[in-house]
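Peer 1: Annotation comment: Swiss-Prot describes 14-17, 74-79 as region 'Interaction with host APOBEC3F'. Marked as region 'Interaction with host APOBEC3G' by Swiss-Prot: 40-44. Annotation comment: Swiss-Prot describes 54-72 as region 'Interaction with host APOBEC3F and APOBEC3G', evidence class sequence analysis. Annotation comment: Swiss-Prot describes 75-114 as region 'RNA-binding', evidence class sequence analysis. For 96, the entry in Swiss-Prot reads phosphothreonine, with the evidence type sequence analysis. The motif 'HCCH motif' annotation in Swiss-Prot covers 108-139, and the record cites sequence analysis as its basis. Summarising the annotation, Swiss-Prot assigns Zn(2+) binding site to 108, 114, 133, 139. Feature annotation from Swiss-Prot assigns motif 'BC-box-like motif' to 144-153; the stated evidence is sequence analysis. Per Swiss-Prot, the feature region 'Multimerization' maps to 151-164; the stated evidence is sequence analysis. Annotated region 'SOCS box-like' per Swiss-Prot: 151-180, in sequence order, evidence recorded as sequence analysis. According to Swiss-Prot, the feature phosphoserine maps to 165, an assignment based on sequence analysis.
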């Protein structure tokens, strides 16, 4: 019998981001109680030797499963050290891979307070308006002038600790171009 291979998308991350993700998930499960119904599965509760943890997040009838791995083949950079994350959307027997932005949007829609464009209608009708959105990155599109005015009027408030974000977990800050503040460099070399 031949080997059967299963291919999955695994996002390479460093282990400190995985530790931060796990601690944020546990905080919102046990302290803030915003992550109701979430299930955290430890590495010793699974039979797969490369799985370090799993987080099962109910989203309607389906659920998002974020699996963190260790002991994978070493990544492109030395700090990756073979750690990774896969994100899966499951509904009964159907499973599919999900990118981090989509996972964050699904979590945001089901679990955390949101100040959305419907707030304009609520304010016009004289109903109470939710004062903030706990995941503003979920609203990347440019809002209407009324929406922008209402958000400026309500004001933003920093959340401590931040909400668990799959996008933040998988972002690659190491390979981004580093900008030095206040450093012009050699004027001959930079074209001035």
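Placed from the backbone N, Cα and C atoms, the Cβ positions cover glycine too.
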Peer 1: Taking a Cβ cut-off under 8 Å, which residues six or more beyond the ends of the region 'Interaction with host APOBEC3F and APOBEC3G' (54-72) line up next to it in the same chain?
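Peer 2: Result: 10, 15, 18, 21-22, 25, 35, 37-41, 46, 82-91, 98, 103, 106-107, 110-111, 166, 169.
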Peer 1: What is the average pLDDT across the region 'Interaction with host APOBEC3G' (40-44)?
Peer 2: 83
Peer 1: Around residue 96 (phosphothreonine), how many other CB atoms lie within 10 A of its CB?
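Peer 2: Result for residue 96 (phosphothreonine): 10 other Cβ atoms within 10 Å.
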Peer 1: Between the Cα atoms of residue 108 (Zn(2+) binding site) and residue 96 (phosphothreonine), find the distance and write it as a whole number of Å.
Peer 2: 19
Peer 1: Does DSSP give residue 108 (Zn(2+) binding site) helix, strand or coil?
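Peer 2: Going by the DSSP assignment, residue 108 (Zn(2+) binding site) falls within a helical segment, counted as helix.
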